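Residues annotated as Mg(2+) binding site in TrEMBL: Glu74, Asp117, Leu119, Asp120, Asp247.
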Amino acid sequence: SMASPALLMRVVASAYSVAEKAATIVRNVMSAGDLGIVEKAGPNDLQTKADRLVQMSICASLARKFPKVTIIGEEELPTDDVTEDLIEDGHCEEILKKPCPAQYTGIKEEELVIWVDPLDGTKEYTEGLLDHVTVLIGIAYGGKAIAGVINQPYYNYEAGANAVLGRTIWGVLGMGAFGFQLTEAPAGKHIVVTTRSHSSALVNECIAALNPDHVIRVGGAGNKIIQLIEGKASAYVFASPGCKKWDTCAPEAILHAVGGKITDIRGNSFQYNKEVKHMNSAGVLATLRNYDYYASRIPNTVKESLVP
């Protein structure tokens, strides 16, 4: 008989199905029309009914299957009264068939931390910019992002009534990333993707110093990493606090799985152990290729303004 799949592969396979269920919830809330918007820290920091239901669904579904894993979600929510219709018990068979990278075969449940952003790009979601929206489930071990799932509930939503809506991208370090076509940005072009709703003088000073050919302003960290891995942008630059561990964990794992790199603006890697502070206070610099080119052009004035 075959040995049962390693814990990591079981967690990723479940996270895949849990993310697909999350996407259905996101679409159902939008089509029902009442988003139930609540302002958290201000008009650019929103929470909707979708954020709340999705987080309850993801956290409760994963906690039921993997009770000793630490799960940290963006929203402050009660976990006890989750209705059965929010629970996803399935898993992706295809993921279970893949061999676990050797360095992760011995992982125990209590050694994993899962970082959940139930709806990355909430502001864009409320404004109808649906292609910006992602659901992020990042899996960390030893403080490092080692696996991730990104679901885009509205992928293809402008492709007409017969198009299949939504997709799930997933990856594991040492294995690669799947569910998309890996593409490099045009050679010699410096295309920077950055924040749409959290701009500042510092953000713009940093981008100007890179002398980009083009700047793309979109919502969501998950969405920005997708721009990198699909070759639409060559660097993701955000010289500001505001991004948090649940924004970067899943995207980091997928980007690193295909040979890219993400750090803060000062070049420090992110830590994902359960005790770590949630804010990435020194911003984000990420590329699929040519990380050093961009890192070397970040002005010292910008680095000094951002304290890790």
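Here the Cβ of each residue, glycine as well, is placed from N, Cα and C on the backbone.
From a predicted model like this one, the values you see are computed outputs, not experimental measurements.
Taking the mean position of the Cβ atoms of Glu74, Asp117, Leu119, Asp120, Asp247 as the Mg(2+) site, the remaining same-chain residues with a Cβ inside 8 Å of that point are Asp51, Val116, Pro118, Gly121, Thr122, Thr134, Val135, Leu136, Gly220, Ala221, Gly222, Lys244, Trp246. The sparsest Cβ neighbourhood within 10 Å, among the listed binding-site residues (Asp117, Asp247), is found at Asp247. Figure note: comparing Cβ neighbours within 10 Å for the binding-site residues Glu74, Leu119, Asp120, the maximum is reached by Leu119.
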